[in-house]
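Just below is one structure, and these are the notes that go with it.
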Amino acid sequence: MGTQFDFPGGIHPPDNKLRSLQTPIRQAPLPDRLTVPLRQHRGDPGRVVVAVGDHVLTGQPLSEGQPGRSVPVHAPTSGTITAIKSHEVPHASGLEETCILIEADGRDQWYKLAPCPDSASTAERYDHLHRTGVVGLGGAGFPTRDKLQSAEAAPDVLILNGAECEPYITADQALMRERPDSVVAGALALWRLVGAGRCLIGIEDNKPDAIEALRQSAEGTSVEIRVVATRYPSGGERQLIQLLTGLEVPSGGLPADVGVLCQNVATAVAVDRSLRLGEPVIQRITTLTGEALARPGNIEARIGTPLDHLLFEAGLDPQRLHRLIMGGPLMGFDLTTTGLPLIKTANCLIAGTAGEFPDPPVPQPCIRCGLCEQACPVDLLPQQLYWFASAGEHRKAEHFDLFDCIECGACDWVCPSHLPLTEYYRHSKGVLRQEQKEQAEADHARQRFEERQARLEREQAEREERRRARQQAREQRHNVAPAEASEAATAAATSPTAPGPDRETLIQRRDQARQKVEEAQAQLAEAREQTPEAVPKLERALNKHQKRLDAAEKALSDAQEDT
Amino acid sequence: MWMNLLLAIATLLLLAGAFGALLGYASVRLRRDDDSLVEQIDAVLPQTQCGQCGYPGCRPYAEAIAEGDAINKCPPGGEATIQSLANLLDVEPQPLDAEHGEEQPKRVAYIREAECIGCTKCIQACPVDAIVGAPKFMHTVIESECTGCDLCVDPCPVDCIDMIEVARGIDDWVPPHPADRPLTHDGPVIATDQRPAEASA
């Protein structure tokens, strides 16, 4: 069944998928040591809730989510935490981030899992998904709860993305053809959760086995299997939505804006297992492929498994390895070391040989042929963006909708000059994001500075005011004093010490002083028992208060004698 | 003849005088809003409030620039700020004036807490209230609020404040410009001999 809708552009690269589809999904043996990065999603890392030396069970939370987009991670197997430290993580930058290192005890004892109760409200179910660490498993790693919450009303259409359009990757295809029931169960679970009008599973026509399996499993349910023509990047979220519904997600908007929710098929399975069994995301299916592997295929491995462990399982020939890519050949990034852990978003690992992935030819100047413009699936002007990005005119690139670029790499693929166009766009986006961040920081600093200035001025004004008031009072007293003196003289018979404080004030003062002395005595008694080093200081304080009390009492008695 | 000449000169003088008066009046009456210019300049400045430009904060420097001061006195902003100012004011960008300091990576103040005597001098110096503490109690810097201006370092009587470079994590990482990346090999340069192995075979 074809579709009546279309998206612009797209390319047809050789898909190279068969190599990893010869065998069923294998289980990776448990490694001895695992490295769990705190951040395996788009957002901020969670807060660690375990300590070095703790023994953890499989599925036990290692971190907890913080406000904002911060998703917890869980222990992939039972064992002891040996370190919590910076470790290289799979990222294009090759930088380090905080990871939790676990030494497996080999018993793989499970933590007590709590399924989501049937009585739970939708919001509680979302939170349950968050607690079990569910993020988009298609590659972007967007926290699932936040995606589900992005729609204010129930979406019209729920789309499960099983298109998997990028060459080499077959993790979703393997899942769909071997576990179609769990995919359909996941679709139904998500559907119930978000209450959409329809539920479609979008899948490319180069996966007949998966289509057949899903059709059989979906029989008797209202889940529709929609087959789309094979074309890269039909598996891009916005492109698949356009193919299946004809709706275009607006620039800078979300699928929710057109009443669509799109989730990857593997994510749907994870959602189902999280709700029904309480199982956190601690394993995933990942494709191991490339000519440098003797036993390519799909492997179900625990998160945190070292990549060299997986590559060894797949029979890596280090002599032939030329490029190691995480993700697909078009959107993935190169890894420089195999000592990295498997993360939630790692759907594919390609160990390519030099023949398979030759070094890119030296880029030639852009000849303005316009092929990139024809290939662009979002109708941008790639060559224009390239001119701006390469000249450092990032603002202009932004005006040409740079941020609508999905970085699919279709323009690179067709460029006859072999320009690494997407790299330019990524750089440009990075610079602009950094600028935005710095601007936000500067604005924040300005606000704090201005508020401080205002506060200082206010304090200064208050001081001025007080000083003036005092001065006025003094002047008044000065003027009034002679008059008062004569009055006092007449009253001398009853009160010879005329301009002193009256009796009530003195009593008040004495009471205050007495209270202070009592407080100091209590503190001293407490300090004697608990903090002996503070005793001398407190004794001095008590003496001081005692003297004040004596003085106050004396003043009072003097006043009383006088009257 | 002379009459005509005088008449022409008089006419021109009159016209010049009239237009001059008009322009003069317009420049006073329709004066460019200085405040909005200062706002715009202030928005470009990095807001570290460090005073390295010689003015007590970014806003005063913005006012000085609006009055015609040089635009190259801001070391924390560096080349990027000078470029933005040059664009905004439509003047030639100049290199950073070394007299006012050098461009440095972003730093934040760090108080060695064991040595702090609680004198509050740094708190008074901080232009953005990024230091918490009280008399005779240990002080500490709120890292996220610190602009790295240096102003707290000098007043400290026990020299317990260090300026440390901010560790740049994945969030701050900017993908490199492809032209800056070293070429992985020196392959064919001309498109027609792209595959030398096949060509020779």
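The count begins at 1 with the first shown residue.
For all residues, glycine too, the Cβ spot is worked out from N, Cα and C.
Residues or ranges marked as region 'Hydrophobic' by TrEMBL: B:1-27. Taken from TrEMBL, the feature [4Fe-4S] cluster 1 binding site covers B:C50, B:C53, B:C58, B:C74. Marked as domain '4Fe-4S ferredoxin-type' by TrEMBL: B:107-136, B:137-166. The [4Fe-4S] cluster 2 binding site feature in TrEMBL is assigned to B:C116, B:C119, B:C122, B:C156. According to TrEMBL, the [4Fe-4S] cluster 3 binding site annotation covers B:C126, B:C146, B:C149, B:C152. Annotation comment: TrEMBL describes B:175-201 as region 'Disordered'.
Among the binding-site residues B:C58, B:C146, B:C149, B:C152, the ones whose Cβ sits under 8 Å from a Cβ of chain A are, in sequence order, B:C58. Across the range of the domain '4Fe-4S ferredoxin-type' (B:137-166), the DSSP-based residue counts are 3 helix, 7 strand, 20 coil. Sequence-distant contacts of B:C116 ([4Fe-4S] cluster 2 binding site), defined as residues of its own chain at least six apart whose C-beta falls under 8 angstroms from its C-beta, comprise B:G133, B:M138, B:H139, B:V158, B:C160. DSSP labels the residues of the region 'Hydrophobic' (B:1-27) in these numbers: 26 helix, 0 strand, 1 coil. Spatially, by CA atoms, the binding-site residues B:C119, B:C122, B:C126, B:C146, B:C149 include one closest to B:C74 ([4Fe-4S] cluster 1 binding site), and that is B:C149. Proximity to B:C152 ([4Fe-4S] cluster 3 binding site), judged by a C-alpha distance within 10 Å, picks out B:C122 from the binding-site residues B:C53, B:C58, B:C119, B:C122. Each of B:L45, B:P46, B:T48, B:Q49, B:G51, B:Q52, B:Y55, B:G57, B:Y61, B:K73, B:P75, B:P76, B:G77 belongs to the same chain as B:C50, B:C53, B:C58, B:C74, is absent from that list, and has a C-beta within 8 angstroms of the C-beta centroid marking the [4Fe-4S] cluster 1 site.
The Cβ centroid of B:C126, B:C146, B:C149, B:C152 marks the [4Fe-4S] cluster 3 site; residues of that chain outside this set whose Cβ lies within 8 Å of it are B:A109, B:C122, B:A125, B:P127, B:V128, B:A130, B:I131, B:V141, B:T147, B:G148, B:D150, B:L151, given in sequence order. Here the Cα atom of B:C146 ([4Fe-4S] cluster 3 binding site) is found 16 Å from that of B:C156 ([4Fe-4S] cluster 2 binding site). Comparing Cα positions, B:C156 ([4Fe-4S] cluster 2 binding site) lies closest to B:C126 out of the binding-site residues B:C53, B:C126, B:C149.
Each of B:I111, B:I117, B:G118, B:T120, B:K121, B:I123, B:H139, B:C152, B:P155, B:P157, B:V158, B:C160, B:I161 belongs to the same chain as B:C116, B:C119, B:C122, B:C156, is absent from that list, and has a C-beta within 8 angstroms of the C-beta centroid marking the [4Fe-4S] cluster 2 site.
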